[in-house]
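Notes to accompany the following structure.
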Amino acid sequence: MSHEKNLNLQTDASEGSYEPHTPGGHVADASQPTMPVYHRQYGNPAPLGLLAYGTVFLCASLFNIHSRGIHNGSLVLLFATFYAGITQILVGMWEMFLGNTFGATVFATYGGFNLSYGALYLPGVGVQALYTDANGVVSPDFAQAVGIYLLIWDAITLLFLIGCLRSSIPVVFTFATTVVSLTLLAANSFTGIDSLAVAGGAFGLGAAAGAYYAALAGFYSPTVTFKAIRLPPMSLAYPDV
């Protein structure tokens, strides 16, 4: 009796055969393979956010330095709203899911910045219209308000710069040049001196270059390109001990 219990067998006396039973109580249980353990692999959303960051700065800065004689840079609103704004907010949420609080805060914040900057000049939103009189003349208050707006974002960027000093050289360079660029653009808005906007555009090009480098350093992995093309991340983090 105990022997049969240990073997967990069912004997068919008529056919002289036996069928094994598993603890589940079904003959077919023994034929079911064990389910494999899958390890989900997550991608790195940071390169996408950095490319969006660099692209909107590249476009805005080219207009600020009057490339090709352009003095109306309204086209940058497309990048700021429909690319950088939406993309960076999404990247921020993905970074939060992955547990990167700093990256989530930076990308989501700059996503909001780009969306708000686009809304500032989009006629459908009507912000600029609030500073325009019945004759279509924009009040000087608008330029002063934009200057304060840029200084606020400049201060936020400075906080990000302080918080990233142990990240990597390209990221630190990107935030540092962004701080200078926004400072000069705010000064241009306060004073109307065009050379300040041009200088701000020049530093903005530096910010775009730093963001592109940081993005490609994370995007050019061994699985997508040759080793000779890959860029060193230039990390400033403490070495593992």
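Glycine is treated like the rest: Cβ placed from N, Cα and C.
According to TrEMBL, the feature region 'Disordered' maps to 1-26.
According to TrEMBL, the transmembrane segment annotation covers 45-63 (among others). Listed by sequence, the residues of this chain that lie at least six past the ends of the transmembrane segment (45-63) yet keep a Cβ under 8 A from its Cβ atoms are 70, 72-73, 75-76, 79-80, 83-84, 87-88, 90-92, 94-95, 98, 100, 103, 106-107, 110, 114, 174, 178, 181, 200-205, 207-212, 214-216, 218-219.
If you look up TrEMBL, you'll see 75-94 (among others) marked as transmembrane segment.
What TrEMBL records for 142-162 (among others) is transmembrane segment. Distant neighbours of the transmembrane segment (142-162): 106, 109, 113, 120, 128, 131, 172, 175-176, 178-179, 182-183, 185-187, 189-190, 192; these residues of the same chain sit at least 6 beyond its ends, with a Cβ under 8 Å from one of its Cβ atoms.
Sequence-remote contacts of a segment are chain residues at least 6 beyond its ends whose Cβ falls under 8 Å from one of its Cβ atoms, and for the transmembrane segment (169-190) they are 50, 53-54, 57, 61, 64, 143-144, 146-148, 150-151, 153-154, 157-158, 160-161, 196-197, 199-201, 203-204, 206-207, 210-211, 213-214, 217, 233-234, 236. According to TrEMBL, the transmembrane segment annotation covers 169-190 (among others).
The annotation transmembrane segment is assigned in TrEMBL to 196-220 (among others).
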